[in-house]
Amino acid sequence: MRFMLLMLQLLGLLLLLAGGVQSVYCPAGCTCLERTVRCIRAKLSAVPKLPQDTQTLDLRFNHIEELPANAFSGLAQLTTLFLNDNELAYLQDGALNGLTALRFVYLNNNRLSRLPATIFQRMPRLEAIFLENNDIWQLPAGLFDNLPRLNRLIMYNNKLTQLPVDGFNRLNNLKRLRLDGNAIDCNCGVYSLWRRWHLDVQRQLVSISLTCAAPQMLQNQGFSSLGEHHFKCAKPQFLVAPQDAQVAAGEQVELSCEVTGLPRPQITWMHNTQELGLEEQAQAEILPSGSLLIRSADTSDMGIYQCIARNEMGALRSQPVRLVVNGGNHPLDSPIDARSNQVWADAGTPMHGATPLPSPLPSPPHFTHQPHDQIVALHGSGHVLLDCAASGWPQPDIQWFVNGRQLLQSTPSLQLQANGSLILLQPNQLSAGTYRCEARNSLGSVQATARIELKELPEILTAPQSQTIKLGKAFVLECDADGNPLPTIDWQLNGVPLPGNTPDLQLENENTELVVGAARQEHAGVYRCTAHNENGETSVEATIKVERSQSPPQLAIEPSNLVAITGTTIELPCQADQPEDGLQISWRHDGRLIDPNVQLAEKYQISGAGSLFVKNVTIPDGGRYECQLKNQFGRASASALVTIRNNVDLAPGDRYVRIAFAEAAKEIDLAINNTLDMLFSNRSDKAPPNYGELLRVFRFPTGEARQLARAAEIYERTLVNIRKHVQEGDNLTMKSEEYEFRDLLSREHLHLVAELSGCMEHREMPNCTDMCFHSRYRSIDGTCNNLQHPTWGASLTAFRRLAPPIYENGFSMPVGWTKGMLYSGHAKPSARLVSTSLVATKEITPDARITHMVMQWGQFLDHDLDHAIPSVSSESWDGIDCKKSCEMAPPCYPIEVPPNDPRVRNRRCIDVVRSSAICGSGMTSLFFDSVQHREQINQLTSYIDASQVYGYSTAFAQELRNLTSQEGLLRVGVHFPRQKDMLPFAAPQDGMDCRRNLDENTMSCFVSGDIRVNEQVGLLAMHTIWMREHNRIASKLKQINSHWDGDTLYQEARKIVGAQMQHITFKQWLPLIIGESGMEMMGEYQGYNPQLNPSIANEFATAALRFGHTIINPILHRLNETFQPIPQGHLLLHKAFFAPWRLAYEGGVDPLMRGFLAVPAKLKTPDQNLNTELTEKLFQTAHAVALDLAAINIQRGRDHGMPGYNVYRKLCNLTVAQDFEDLAGEISSAEIRQKMKELYGHPDNVDVWLGGILEDQVEGGKVGPLFQCLLVEQFRRLRDGDRLYYENPGVFSPEQLTQIKQANFGRVLCDVGDNFDQVTENVFILAKHQGGYKKCEDIIGINLYLWQECGRCNSPPAIFDSYIPQTYTKRSNRQKRDLGKENDEVATAESYDSPLESLYDVNEERVSGLEELIGSFQKELKKLHKKLRKLEDSCNSADSEPVAQVVQLAAAPPQLVSKPKRSHCVDDKGTTRLNNEVWSPDVCTKCNCFHGQVNCLRERCGEVSCPPGVDPLTPPEACCPHCPMVK
């Protein structure tokens, strides 16, 4: 028996284990504990297979982009679902099917833009939905119906602008609704929510956060401060309803339907239950009143009609009516056919005069509404509604049972309703339990049960009190609460959470006291105190008003000058900053008081706000109008000049200028501010930034550049708005494309638009008279290089053009904007289609000669030369987000994705934003005398001047300097082990944050002279190298010239760094790109040419220099000192973007630099152009689809209006191809030419960047003939048009120039790398082609002692007469010349553009000059020896004679003094040492000579014990080792 019992126990255990095997199944990459499955950062792209008993599922921080239908099938026990911080963009209908037990769902921090209407259906237990930080722009009707337990709905920081009417009205248990952070229009959708909240007696227990963005009168107003008077909403109601009608065939009939409602309802008509299609029935028309007019009725018009009126508040249906058309067979009282009977029965109302319908068929009861479980607050002040309604025949009876006992009649706490529902009044502890509703008739019964649960919410003990506070006075709000557990207290002001302690607002005593030290106007509003614990929350409110204390009134809106035409009505606005009792408003016209009560009322009218209306103006009504505000403490006034003109004097659009400008400024600034908020707002409660956001941040224009671009956008938008107003106001019939803005606006008003927008605030002409500076150094912003044209090559100026652009409207509209427009008889192909067909490649062939450093130097150089400012907003002027729309709406310029794209299937486009235009180009050129095409802004200086190291504006450059000492250094950041100085981190106020994944890294962005420094780690390493090189040079110059101040050291080091970059570019890098033939085209340097404009050409920046994309490897190799991979391995290109931490923590700059100089670049072949890392994976985590660099290059050329490939071939004296076979000489691949023909149709249609990269490379170069020509043209200008080019005589002395020509990037790596000991002599050529690697000591560098300044008092010796780096004061401290003064005498520009004539060459006198210098030094040395001997004699005599004798000896004539015997020493090296001379033969020994005897003392070093892992170091010029400081 015992054995049998043991066997049974063993069998039970086995069964238990067998049952548990299935339940403990855990997906790969996840952790499972009991019934919780956590798959955090498991790199999932879909929902894995899960155990069916899972209750909590955590899928955070994965890559799930879409949820299909039934994604969680079989998980009926799941209660909590975490899907936040994924990449969710789409939820298919039914994605959450089967989750009947779900209580909490987290969908926040994703990319959702819409939700299926039934996504949350059949979830009766759902308590909380978290949807914040998505892109949801619309909520479908009924989305939140049938969620009886939902108490928290969090949707802040989305894109909502409208709320559905009654969208939240069925959430009877809702306690918290957050909609803040959405630009919501407080219209009727908000009204329905407000009305439901206002009528709820428990509204004190419901927290709703919402701030109005529109209409303007409600802007920034919180939800709780809204009132009934703020809304204009009413449901539709019939004034005249339709009636039955009878008409003869061919006659006209009108079915009346007049409706009222706010907003005005839309009318539709139904015919036989189908919506009436008026476009298909020309004889039918809906009149403005809403009535239906049928002009010529026939038998097909017979049937049942119904009028439907809809607005935001709901829909209203009329009773169905019948129309009978008499053709002889259809009298009104004849029986209707079966189909009409059915239609009539469907409409649900008996028809007057029609055959009576049969009684309804008997049916058992079925529910139309049934009760749902609810959680009720204990001691709440409201009621609870349990719905119960049923239909059937006979009509069912409704009965209620509470905890099994029938409720026969209403009680003080339970109220039975006539419709069958039950209301719980003042719920208490006895109200908890089970409530059953039963519907019964003679054919059966049905029942439904609901559970009422009670929770004790926090109880407010002390509530804040509403107060009226005087301006500047302190006040305190107290709010204390009790509960179990003890609640916490939060505060809100006007619906916005208070951030905590600020300088003028303090939260004290665990947030129970809110203290404001000095009340200001922004402190006025509704304060909400919320006490919350795990059971829920309770809120109370108090209103604080801030009164102005005994001060004169202030004007919030002042009148402005205006021009009006005769016969119109003008409005002059005038409004106080706040209403107050006793405020008097008066107007005067040319000093005469205007009183509408005394003068003609039909002439003048003063509104309640204070505005003056002057009606039917005439010429005498012109003049100065003054508005005056007066109270008991003083007055305020403002005036405006009104000019009245006859109608013939004005252009049609003049009257709309200020209105259109105000609209434009608001639209542009809103788009810019939204973009700024998206890019730079505090991310403490948001997901870390993704690649695309970082790209936008680092390319986003700085303040000065942003203002320049903003002015152009406002100008352009103003003109568009003026045209809109003229069209609407004057009903002009002129076609849009025929508009000329000169016809719409007078010249005076064109200038007014320019002035308002800021386009007239052109850059002031720079002051170039400080030749002590400009003759030696570059300005930071590039001005004053060419003294005849000071802005040539300067930052924030327009690009230069080689050929006129081909904008579609002639001056601004990009190529391809108008769909279907033909070029050379063919449409422009999609840039994406061109990329996938001709450019992208997965295959990579290594180059046989050049290193990957060629690519990296090219990118670094490009960031010194050009940066086309992107649009200052990523939203269109009409509020469309370019990332989420495929609409062509400025500045959005998306790339169309063709059908059957190999990768992009879920989007129609790839988002691209246009480059900003400079004022005076495109549409903004209209206020000049001639229309100029749109031109883009170059944010950088055009010169090769190391602006990517130092910045492009004076303010930016100052931020990068270390101004704490006079050493001329650039700022450095924190120190990392075994690495030299790193770049400084970006300041918090810069809004830059590179921490994409806080588990992966917490490092901030670095900052340098170009804002794109963090784009990829190779570029970041290059910036770090040159920052270190500047500081190395500045420190060495400080040792050589200790009397130089910090500015001189900074400018001299900057000048040397810029010269090194010029030499490396022109002598070592460029020959490998353009080949020997290209260098012959460049020619030898013949000196500076002041007539040559060095500004960057648009074609160079947009097309030619982008050849470098074709030589990029998909991998960045990282090698150690032995040129083997580092332990962290190589780096895939797409992982190198915005990852500064990899530079600091994965080996520093050395491994990347070794990889660049040791690994070959990618070889460009006809079928291998751009690797797919750039066309298919670029910033794939940042956009709805990953970007495509090739497609963007093509689209950018079209945005800039680039002419076709053939235009530039002609410009470069290449053959102009008539067909694609004519290109065989440059594009040898017949397959490539055939694909080009299929895509473009004609060579004229080919995009210039594409044509350029597809050409075969010239011999010895990396570009084809076209790009060779364009590169030569630009680099020649950069060399010959630069007055401070390093080879221009006078820029450096001959000796210094010799040193600059020894500059070598390999030597720079040796000097400032962390641990470089061997490099190649030319880092751009593979080691095997130059004899392998060399030791660093074998690489020649620059000898900085040739910069030693030996002269004093501004009179240096002859050796430095050709170069005088004298110290100078800061430019900001110098007196600046007023350009308006004519009496200033300034040297002519020609004298400064030539080599400095006052400096002469003394090469022939070099030897004699040196001999004279040595002779003068010898004389000075003899004098010093003589004085020293006298001092020795005096000291020696003092040792043996009395002091008196010493005095006497000193007073005796020199010829009577006897000379003592000379004392000296000879050291171990044979050097003669004077008596008492002290010297150090080495760093540890000090010796002295005393009376012929050498005495030496050697320093002894003690034992050094360092922490584990730290080795003792002996610094230079030190004797003993010590432990280095570890940070």
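The backbone N, Cα and C atoms fix where each Cβ goes, glycine too.
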Segment assigned the feature coiled coil in Swiss-Prot (from 1364-1402, 1403-1441): 1403-1441
Per Swiss-Prot, cysteine bonded by disulfide to Cys892 (from Cys882, Cys909): Cys882
According to Swiss-Prot, which candidate in Asp847, Asp862, Asp864, Asp866 joins Thr941, Tyr943, Asp945, Ser947 at the Ca(2+) site: Asp864
Cys1269: disulphide-linked cysteine among Cys1212, Cys1310 [source: Swiss-Prot]: Cys1212
As recorded in Swiss-Prot, which of Cys437, Cys529 forms the disulphide with Cys479: Cys529
Swiss-Prot annotation, disulfide partner among Cys759, Cys772, Cys784 for Cys768: Cys784
Swiss-Prot annotation, disulfide partner among Cys886, Cys994 for Cys909: Cys886
Counts of helix, strand and coil residues, the repeat 'LRR 3' (99-122), according to DSSP: 0 helix, 3 strand, 21 coil
Between Asn419 (N-linked glycosylation site) and Asn767 (N-linked glycosylation site), the C-alpha gap once rounded to whole angstrom: 86
DSSP helix/strand/coil residue counts for the domain 'VWFC' (1463-1524): 0 helix, 25 strand, 37 coil
Listed glycosylation sites (Asn616, Asn1120), ranked by Cβ neighbours within 10 Å, top entry: Asn1120
Length of the line joining the Cα atoms of Asn962 (N-linked glycosylation site) and Arg1012 (site 'Transition state stabilizer'), in Å: 21
Of the recorded positions listed as Asn616, Arg1012, Asn1120, Asn1213, the one whose CA lies nearest the CA of Asn767 (N-linked glycosylation site): Arg1012
By Cα-Cα distance, the member of recorded positions Asn616, Arg1012, Asn1213 nearest Asn1120 (N-linked glycosylation site): Arg1012
C-alpha spacing of Asn616 (N-linked glycosylation site) relative to Arg1012 (site 'Transition state stabilizer'), in angstrom: 59
Distance [Cα-Cα, Å, rounded] between Asn616 (N-linked glycosylation site) and Asn1213 (N-linked glycosylation site): 67
Cβ neighbours of Asn962 (N-linked glycosylation site) where a neighbour is any other Cβ within 10 Å: 16
Nonlocal neighbours by CB distance (under 8 Å) for Asn1213 (N-linked glycosylation site), same chain, sequence gap 6 or more: Cys1269
DSSP helix/strand/coil residue counts for the domain 'Ig-like C2-type 2' (365-453): 3 helix, 53 strand, 33 coil
